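Accompanying notes for the structure given below.
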Amino acid sequence: MSIYNTTVFMPSEFTLIGIPGLESVQCWIGIPFCAMYLMAMIGNSLLLIIIKSEHSLHQPMYIFLGMLGVTDIALSTSIVPKMLGIFWFHVTEIYFDCCLLQMWLIHTFQGIESGILLAMALDRYVAICYPLRHAAIFSHQLVTQIAAMVTLRAAVLVAPCLVLIKFRLQFYHTTVISHSYCEHMAVVKLAAENIRVNKIYGLFVAFTVAGLDIVLITLSYIQIFITVFRLPQKEARLKAFNTCVAHICVFLQFYSLGFFSFFAHRFGSHIPPYIHILFSSTYLLVPPFLNPLVYGAKTKQIRVPMVKIFGSKNLL
């Protein structure tokens, strides 16, 4: 008997089951996820309002931070509403094309966020290593070009993943996705056909975007640290280092969770599914939730206006 007699041909919809093994407590898991989402929306919205209203913050570093805030809002919004629908209202069905759209949005915004973190690292590199040339190099025109390139890179590189699924994979073992959102490999693994091309291209995109970015970011900070430690005055070293602390914190939490999720999907067959799905979901929600808190706490130019908004001058 042909394998195709026991498979589904070009399904019109998938079923997202949420977190495998924890279906009975998903309603409770949804509460902290919802809280993180609301905090992410409020925190990033405040961040954008402050950056827009404070003329002194109309600099490349804060423009990139504003772009990061917009990306975080878009990324979390593309995931959480459907996830909470699964957890709280058992709305598990999702149309095939809607699943592909969600996949494209999630991975595109991840790529954009990675590109923005690279742009922020390069901005700090020029600001610390070549302070007299920073204003000339990072002009508003260059910032706009970087924003366009980062967005196009992510959107164009992720798009073929959808095309390969849509037109190469027609037969599926099942339409049940053991995940809380439409992740690339979670969908590809359902196929009853050869998925080698899909896997190879997925790896290519991951290493072209995140892999290249993390190497360049690491090299930038190594050069920054070398320059900082060469400064003669301790106060100057501390001031220069403090401008990078928030970036380093965001960089570490974004990529550490991201690489765990990425490799667990491909090589972590021994990891319990619920652990992997929890980490994957947390990975996409923690950065939008933490980024405003990290930059608000570590960046005085943002902390002061934020404290003024809440009227707590004693915190300054």
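Here the Cβ of each residue, glycine as well, is placed from N, Cα and C on the backbone.
Owing to the predicted nature of the structure, the values given are computational and were not obtained by experimental measurement.
Copied over from TrEMBL:
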- 43-295: domain 'G-protein coupled receptors family 1 profile' (DOMAIN)
- 28-50: transmembrane segment (TRANSMEM)
- 62-89: transmembrane segment (TRANSMEM)
- 101-122: transmembrane segment (TRANSMEM)
- 142-165: transmembrane segment (TRANSMEM)
- 200-228: transmembrane segment (TRANSMEM)
- 240-262: transmembrane segment (TRANSMEM)
- 274-296: transmembrane segment (TRANSMEM)
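Same-chain residues lying 6 or more positions outside the transmembrane segment (28-50) and placing a CB less than 8 Å from one of its CB atoms are 19, 22, 57, 65-66, 69-70, 72-73, 76-77, 80, 83-84, 87-88, 278, 281, 285-286, 288-289, 291-293, 295-296, 302, 305-306, 309. On the 0 to 100 pLDDT scale, the domain 'G-protein coupled receptors family 1 profile' (43-295) averages 89 in this prediction. By the Cβ criterion (distance under 8 Å, sequence gap of 6 or more), the transmembrane segment (62-89) is counted as touching the transmembrane segment (274-296), at least 3 such pairs being found. Residues of the same chain lying 6 or more positions beyond the ends of the transmembrane segment (101-122) and with a Cβ under 8 Å from any Cβ of it are 61, 64-65, 67-68, 71-72, 74-75, 78-79, 82, 94, 146, 149-151, 153-155, 157-159, 161-162, 181-184, 187, 205, 209-210, 213-214, 216-217, 220-221, 247, 250-251, 254, 258, 284, 287.
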